[in-house]
Amino acid sequence: MADVTLAFTVILSGLSTVPASGVWTFLFFFGLFTLGIDSQFAFVETVTTYFYDREMERGVKPNHLKVTLIYGTFLFLFSLPFATRVGIYLFDLYENYSAGLSVMFVAILECLLVSHIYGTNRLLDNLKFMSDTELGWLSRKILHVLYGFILPIMLAVLLYATLKALISDTLDGIIFNVPSPWWATAWGWSLTVVPMSCIPIGMVHFWYNSDKRTAKEKLIDGITVRPQFDAAAEAIGSYDQNREALEANAKIEII
């Protein structure tokens with residue numbers, strides 16, 4: 001609740017003391033609104049792009065407007081409880097549990113997988129292929145150190161501190177210094193565990209469906225980079241090579 005107090009109490013109290021306080025207050029809330037809209041773009045695109053790609057794999061051209069409207073309606077209905085009298089407590093619950101541990105956990109794994117398994121150089125080669133942007137030797141080394149060591153360590157420290165605070169609050173039966181029922185705490189932890197559980201569940205699914213025999217072969221097969229992306233990319237060509245065709249398709253869809 002500290003973020004909300006800072007945004008709606010402390011900052012507004014300070015703005016009320018400056019000249020033309022109404023203008024600055026409007027600009028402040030307009031900035032918050034644009035930040036929220038920007039976040040919604042990311043939330044919507046992440047989910048709708050998955051449905052677009054899945055339908056394209058099935059050979060079906062997705063209806064972009066229909067998919068976006070359905071998902072937007074779902075988000076609208078899902079957000080209604082946050083506008084009630086208990087909305088601030090729901091907001092704190094989701095902010096504290098769903099946007100903390102799981103995000104840092106996934107970020108640590110992404111850094112380690114990209115740097116030590118997929119390879120930072122291979123990622124930068126993909127970037128060059130898709131955007132025709134090539135980084136120098138020093139930039140590649142810096143990114144390799146950041147992704148492989150510095151960022152995972154920093155995120156691990158933050159993860160430990162956040163986990164320690166959440167466990168302490170859980171044992172005390174509070175959420176942000178507010179006494180909470182057991183079901184609220186259980187719901188909060190489910191918001192943390194469910195997103196992270198997708199990773200081990202996917203690993204188990206791959207392990208049991210792998211056509212390899214021994215555990216070593218399955219492990220090697222699981223961390224081996226597949227050539228499908230490179231083959232598909234070579235067949236399609238880079239963005240620069242297909243710029244005219246892509247722009248023509250975009251114009252057709254807009255019309």
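Quick reminder: no glycine exception, Cβ is built from N, Cα and C everywhere.
Per TrEMBL, these features apply:
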- L35, D38, S39: Na(+) binding site (BINDING)
- 64-83: transmembrane segment (TRANSMEM)
- 103-124: transmembrane segment (TRANSMEM)
- 145-167: transmembrane segment (TRANSMEM)
- 187-208: transmembrane segment (TRANSMEM)
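Overlay of TrEMBL annotations on the structure.
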residue : record             : contacts (Cβ under 8 Å, 6+ apart)
L35     : Na(+) binding site : none
D38     : Na(+) binding site : none
S39     : Na(+) binding site : none
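Close to the recorded Na(+) site, the chain also has T34, G36, I37, Q40, F41, A42: residues not among L35, D38, S39 whose Cβ is within 8 Å of the site's Cβ mean position.
In the three-state DSSP scheme, S39 (Na(+) binding site) falls into the helix class.
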